[in-house]
Each structure stands twice: as C-alpha cells, then as structure tokens.
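Record features, source Swiss-Prot:
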TRANSMEM  11-31  transmembrane segment
TRANSMEM  35-55  transmembrane segment
TRANSMEM  77-97  transmembrane segment
TRANSMEM  110-130  transmembrane segment
TRANSMEM  140-160  transmembrane segment
TRANSMEM  176-196  transmembrane segment
Amino acid sequence: MEHYISLFVKSVFIENMALSFFLGMCTFLAVSKKVSTAFGLGIAVIVVLGIAVPVNQLVYSFILKDSALVQGIDLSFLNFITFIGVIAALVQILEMVLDKYFPALYNALGIFLPLITVNCAIFGGVSFMVQRDYTFVESVVYGIGAGTGWMLAIVALAGITEKMKYADVPAGLRGLGITFITVGLMALGFMSFSGIQL
C-alpha cells in the first residue's frame, strides 16, 4: 500500500505533468481563465487519464507487447496508433456523457474537450506507463495521480489568473505574457519537490 501512495504523491507533485514535464500546455493555458471551467476540465482529464492509462496497459500487456499474443511476434510498433485510438474513444464517450448530464460544463469547455484526445498529457501518461512497465494497479494509481496533478496545476493557475484581474499588470505583459511568467514561477515552486526520494 505504501508503494501506491508514494506513486500517487510522486505523480501529483514530483512528476507533475503540467509543471515538471510541461505536457498539455495548449489546454492548460487556454482554459485557465476561470476556476470553475479549469476545475471541470481537470476532472475530465482525471477521468480520461484514470481510465486510459490502465486500459492501454491491458492492451499493451496482452496484445502489443513482444510475444504477448503469439511467441516471437512483436506488435509494439502499433503502440502510438493503438493508444491514440483508445484515448479518442474514451474522450468521445466522456464528451457524450458531459453533453447529456452536464451541458453547462460541456458548453464552457467548448472545443477544448475534443482536444483532450490529442492532449499530450494524456498520451504522455500512457507512454510513461509503458516506459516504466507499470502493472495494472500501478497504472490506475499513476493515471489518477497524473490527472490530479494536472488538475491541481490548472486550478491553481486559474485562481491566480482570476486574482490578477485586479492587479496592475504592465500593458506589455497582459494576457499570455503574465501567464507564462506565472506558470514559470509555479514550475519553480514544483521543482522544490524534485529532491524528494520516494
């Protein structure tokens, strides 16, 4: 149990998808204007990562891995296309659920919801799972932890962005300029976790 807790903490803080690896920056910067929208997208990313990483782990272990289906046959060259297909299917299902049960969040996320399909944070989580050879349970923990870390970062950025509306930001830095500086400072803060050995 201690191993899974340390894997979760590591994926949230030490190896944060957004602030350590800078993955998923397109939606991270675009949807960080309001805390409510950022929180909704963060939940969507947690759900997609929490399902996509373990599902792709099963696909990789039982179909694509060397000698998984038939002795001597290696289908790992199909990793990218297969993982993207699984992620796209999961995002499509999530999009239908949000449209039916949470229409306000669906409309607020707009074009960025389908973009989760090609969000490199999702694909990065799956790639890290393969590279690190996680088991199914480790994949579940890692997927949920990585999604939680990404959500933590985007909600924090959205909160700071909302507060900056009342700040006297120099004209040349308004908009993305101050956002990039803020993200850089947040990443510096998360770098302090990099020395922790779990």
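Residue numbering: from 1, along the chain as shown.
Glycine residues also receive a Cβ, built from the backbone N, Cα and C atoms like all the rest.
At the 8 Å Cβ threshold, with sequence separation of at least 6, the transmembrane segment (140-160) comes into contact with the transmembrane segment (11-31) through 3 or more pairs. Within the chain carrying the transmembrane segment (176-196), a Cβ under 8 angstroms from the stretch's Cβ atoms is held by residues 13-14, 16, 19-20, 22, 28-29, 32, 153, 156-157, 160-161, 164, 169, all 6 or more beyond its ends.
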